[in-house]
Ligand SMILES: Nc1ncnc2c1ncn2[C@@H]1O[C@H](COP(=O)(O)OP(=O)(O)O)[C@@H](O)[C@H]1O
Ligand SMILES: CC(=O)N[C@@H](CCC(=O)OP(=O)(O)O)C(=O)O
């Protein structure tokens, strides 16, 4: 963690951000891969506990894709993904309910409670938080292909509306909502919805100051095989250029779309950060250098006060 060896200097640097973010809303999306290892999950919960103790209003959205893959495999249910999004048959949806609203959810809640966080578990169905409708077949360009292909994603829900009242009530009461990636249809249906998309929609609906994606890589990479190729800062135009060059693939594709939607929905900055390194989230929030990738709409004018956003990267 790039904190100064002088603890008082480090405290002063951090206190600037503590003041800046007190009472602000952060949405923290945690990927399934980060949640599989108990030691890593516990370290993450301790970081979330620290944010909460500084009076930051934290909403956690979790995935569980890796865990669902494993459960489907164990149950001999075929796993199919196109451009990072899961094709969801009725059997996959049943497994998704067990994994997303069950195992992954409970383990995360237990570790948050252990870290002293008053976490409350929800799915998108609770109090009508996420209203979705079944995605019609759509044209998608699969990874590595050039031509679009018509894909029926099955029981995948596209979010039509967000009613964040239940979250606002919980946040006002000092609780930390933890949202599982399932949404509800008008007709009583239950849908599988990508957790990145949910995090982005909630961040916009809540007027969040920041949206974090905690990943199994250090951030956005120029070369996914090289962790040293971290891109510390990007604008939406640069993100689009990386996509056009094919730098962004697999699970990073829905993430890139979620980043764009959040920023266009009014979230000032989105951060792609390691969920595996024990202090990466804190370093991103409370140091000038940050630890991962910070994405903003456009480069702020030199000397702009809008720049410091944990960290005040160039
Ligand atoms: N340019 C890139 N930078 C970083 N990761 C990338 C990039 N392109 C593809 N990826 C892949 O995307 C993955 C993140 O997506 P995903 O596995 O769906 O994460 P999560 O489960 O956290 O949502 C990374 O672990 C990496 O393998
Ligand atoms: C439609 C769709 O793709 N849903 C995702 C929901 C879980 C998720 O997003 O998990 P991660 O964040 O761990 O990838 C899935 O079934 O994998």
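Just so you know, glycine gets a Cβ as well, placed from its N, Cα and C.
TrEMBL annotations: computationally assigned, not manually curated.
Cross-referencing 6, 192 with the substrate binding residues that TrEMBL gives (64, 65, 86) picks out 192. Less than 6 Å separates the Cβ from ligand 2 in the case of 192, drawn from the recorded positions 29, 192, 255 in sequence order.
Packing around residue 192 (substrate binding site) is summarised by its Cβ count: 26 other Cβ atoms lie within 10 angstroms of its Cβ, all protein chains included. In this structure, 86 is the one among the recorded positions 86, 255 with the smallest number of other Cβ atoms inside 10 Å of its Cβ. Averaged across the domain 'Aspartate/glutamate/uridylate kinase' (24-273), pLDDT for the predicted model comes to 95. Here the C-alpha separation of residue 29 (site 'Transition state stabilizer') and residue 86 (substrate binding site) works out to 18 Å. DSSP classifies residue 64 (substrate binding site) as coil under the three-state reduction.
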